[in-house]
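Following: one structure in structure tokens, then a few remarks.
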Amino acid sequence: MTDANGIWQAIEAEPRDTLTALFDADAGRLGRFSGEVAGLYLDWSKTHLTPALVDRYIAFAAARDFAGRRDALYGGAVVNVTEGRAATHVAERGEGSPDDVAAARTFHGRMRALIDAIEAEAFGPVAHILHIGIGGSALGPDLLVDALGRDSGRYEVAVVSNVDGAALEEATRRFDPAATLVVVASKTFTTTETLLNAASALGWMTEHGVDDPYGRVIALTAAPDKAVEWGVDETRVLPFAESVGGRYSLWSSIGFPAALALGWSAFEELLEGAAEMDRHFRFSEPAANLPLLAAFADHYYGHVRGAETRAVFAYDERLRLLPSYLQQLEMESNGKGVTLAGDPLSGHSAPITWGGVGTDAQHAVFQLLHQGTHLVPVEFVASVEVDHGFDDAHHRQLLGNCFAQGAALMTGRTAEDPARSYPGDRPSATILLDQVEPRTLGALIAFYEARVFAGAVLLDINPFDQFGVELGKEMAKAVEKGGEFDPSTTELLRRAFG
Ligand code: F6P
């Protein structure tokens with residue numbers, strides 16, 4: 001392995017041509033930095049990647065043992081070193097070690113059997129699914145059901161995450177308690193918000209005359225004993241492996257409400273789409289490996305060009321929850337302060353992920369993207385397929401706007417009046433789905449997971465732990481118990497609770 005520091009200096013010294021100059025100088029640029037995988041077209045040509053920069057990054061990744069660490073991930077080795085365990089979400093889609101894949105299939109078999117039982121009305125007629133969970137136990141199912149389940153007509157799913165009772169109230173107001181199943185999703189089965197929401201949901205059922213509310217609860221967890229202790233019958237506990245991280249868990253039983261609402265075959269297509277992306281990530285050569293190229297660009301912007309954030313805009317209403325899903329995936333994974341060896345990071349960790357929905361965001365935040373002084377690499381995610389019955393003009397305008405933004409960010413425009421000038425040379429990437437369907441959504445999410453993993457290798461950090469959230473949880477418990485705090489916090493508590 002060559003020394004990463006030496007390669008790093010060469011990366012920093014690479015020429016900084018503008019995007020338009022890069023296109024002018026290289027007729028093959030678009031083909032070089034774009035590709036198709038599993039119904040996705042990914043275009044990174046409007047970033048400042050160059051063949052020379054990519055070569056240097058390939059050497060930098062090799063110096064960080066990228067291939068070895070990727071093999072370790074897919075081989076089921078202990079890659080989450082601080083917690084001493086593997087990260088086996090890839091096995092959920094058949095791409096891990098044989099033992100991990102077999103274990104995932106057994107758990108999937110239990111999910112499927114319970115779905116069959118629900119469909120066969122073992123719980124009587126079911127119309128509503130109240131899914132209670134938070135973070136990785138909510139964002140994935142919410143994204144899947146919102147994106148893919150709009151017309152499924154099978155079950156109405158509400159995902160409740162916030163401990164604010166108003167969130168639960170909103171969902172329960174629409175639901176018939178006698179026709180509702182409560183799904184409690186928690187990897188640890190200790191998350192206080194989830195357990196309080198679940199208890200309140202059972203109270204709501206009791207108040208409305210449901211005889212045996214516990215008999216209508218399904219638990220999704222890596223801690224089945226805790227779920228049973230809480231009161232869920234073992235036959236309705238759908239376990240998943242402890243080595244599947246919360247923010248990587250939608251492929252496991254955490255995806256249950258989506259599999260129920262969309263149908264089992266749709267869930268399998270989701271897994272297969274993700275597996276196609278896994279195989280691309282595992283076996284493509286580095287210069288054509290799209291998640292790896294995206295990670296190079298992320299690292300380059302964060303560490304050479306000083307970008308502190310990255311913005312993702314979904315130009316498709318069905319993907320409106322994608323930015324918040326990615327916020328957890330990227331920021332909880334790669335928002336770390338120390339390397340694998342425990343040394344402080346020398347530069348920034350992952351950029352702050354933010355974003356929204358196009359075209360709405362154009363009329364709200366794009367001013368800063370076009371003329372503000374921050375460098376913000378932008379990502380557009382759109383679908384070629386139209387998903388509504390209105391005139392084609394809607395889709396033409398939607399995608400036309402999306403593509404125009406990328407072009408405008410890149411080319412800019414000089415006017416006599418500086419206030420009306422656009423500096424241009426602002427990077428963007430575009431992901432175009434053939435359709436928003438289970439296979440492409442699976443591939444899309446797996447693309448982001450792979451990119452996060454590659455980004456973690458470049459940063460030399462562990463993307464699979466999240467100790468940063470623990471202190472706040474401890475303090476929240478101390479608040480409940482009436483502990484001693486600083487004057488500011490004490491006054492806030494006094495004003496709120498007397
Ligand atoms: O507090 C952060 C976190 O642990 C996330 O990593 C996780 O997705 C979420 O809370 C919910 O945790 P659980 O699934 O154990 O309830």
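Using the three backbone atoms N, Cα and C, a Cβ is placed for every residue, glycine included.
The active site, proton donor annotation in TrEMBL covers E332. Long-range Cβ neighbours of E332 (active site, proton donor) (same chain, at least 6 residues apart, Cβ-Cβ under 8 Å): G135, R247, Q466, V469.
DSSP assigns H363 (active site) to a helix. The local packing around H363 (active site), expressed as other Cβ atoms within 10 Å of its Cβ over all shown chains, amounts to 9. Summarising the annotation, TrEMBL assigns active site to H363 (among others).
For K473 (active site), the same-chain residues 6+ apart in sequence whose C-beta sits under 8 angstroms from its C-beta are T192. Secondary structure from DSSP puts K473 (active site) in a helix. The active site annotation in TrEMBL covers K473 (among others).
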- Does DSSP give E332 (active site, proton donor) helix, strand or coil? helix
